[in-house]
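Peer 1: What follows is a structure written as structure tokens; I'll ask about it next.
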Amino acid sequence: VIGGDECNINEHPFLVLVYYDDYQCGGTLINEEWVLTAAHCNGKNMEIYLGVHSKKVPNKDVQRRVPKEKFFCDSSKTYTKWNKDIMLIRLDRPVRKSAHIAPLSLPSSPPSVGSVCRVMGWGTITSPQETYPDVPHCAKINLLDYSECRAAYPGLPPKSRTLCAGVLEGGKDTCGGDSGGPLICNGQFQGIVSWGGDPCAQPHEPGSYTNVFDHLDWIKGIIAGNTDATCPL
């Protein structure tokens, strides 16, 4: 996260740290057995850590899990920059709630443009040179109209299942290593960090986030055991 500050140790009990291959992502615990992240965070040898704040000085209640099952909209190959960058992971065993571990509920109402949103993650705090922090950083950004992202990235289709968020003057943004983490607007879990400008946090180059609300039926269906649940087109 660029332009943020160290998160409060008690404000992110739902934030998970995902390692795969040699990369890292964020993710969000949505109940004791399920984590929501980005499809592009899929890889071999995935490890999921819950209850982390400082990587160097771990909390006593850190728990480690591996995926038992992974679910994608159609397949792990169909996501694009503007569609289906979402992955639901069933953990190998449920986690115990503790001081630094608790789920974040799914949104009860759709996102509204203009809301103030919070982003968080262990991603780089500088760009284009990368500096990875020991603790997660948090920043406030705004939910922007999708047209702002279309203006910045001409390849985007007229409509998509993504949210556009950032600050138009630049300086605050998610960045490499934050992918898969949550976008929390007006207290509700509305987006999953997907992609953005390179370098990060440039003026008029907001970030793109998978729209969680649009995928609720699919998420709830999979968790309920309906493996035929379909993603919105």
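Here the Cβ of each residue, glycine as well, is placed from N, Cα and C on the backbone.
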Peer 1: According to Swiss-Prot, C164 takes part in a disulfide bond; indicate which of C149, C175 is its partner.
Peer 2: C149
Peer 1: Tell me which of C175, C185 Swiss-Prot records as disulfide-bonded to C200.
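Peer 2: Between C200 and one of C175, C185, Swiss-Prot records a disulfide, namely with C175.
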Peer 1: Can you work out the mean pLDDT of the predicted model over the domain 'Peptidase S1' (1-224)?
Peer 2: 96
Peer 1: Could you check what DSSP calls C149 (disulfide bond) once collapsed to helix, strand or coil?
Peer 2: helix
Peer 1: Of C7, C175, the disulfide-bonded residues given in the record, which has the fewest other CB atoms within 10 A of its CB?
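Peer 2: Among the disulfide-bonded residues C7, C175, the lowest count of other Cβ atoms within 10 Å belongs to C7.
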Peer 1: From the Cα of C164 (disulfide bond) across to the Cα of C175 (disulfide bond), what is the distance in angstrom?
Peer 2: 14
Peer 1: Rounded to a whole number, how many Å is the Cα of C73 (disulfide bond) away from the Cα of D85 (active site, charge relay system)?
Peer 2: 8
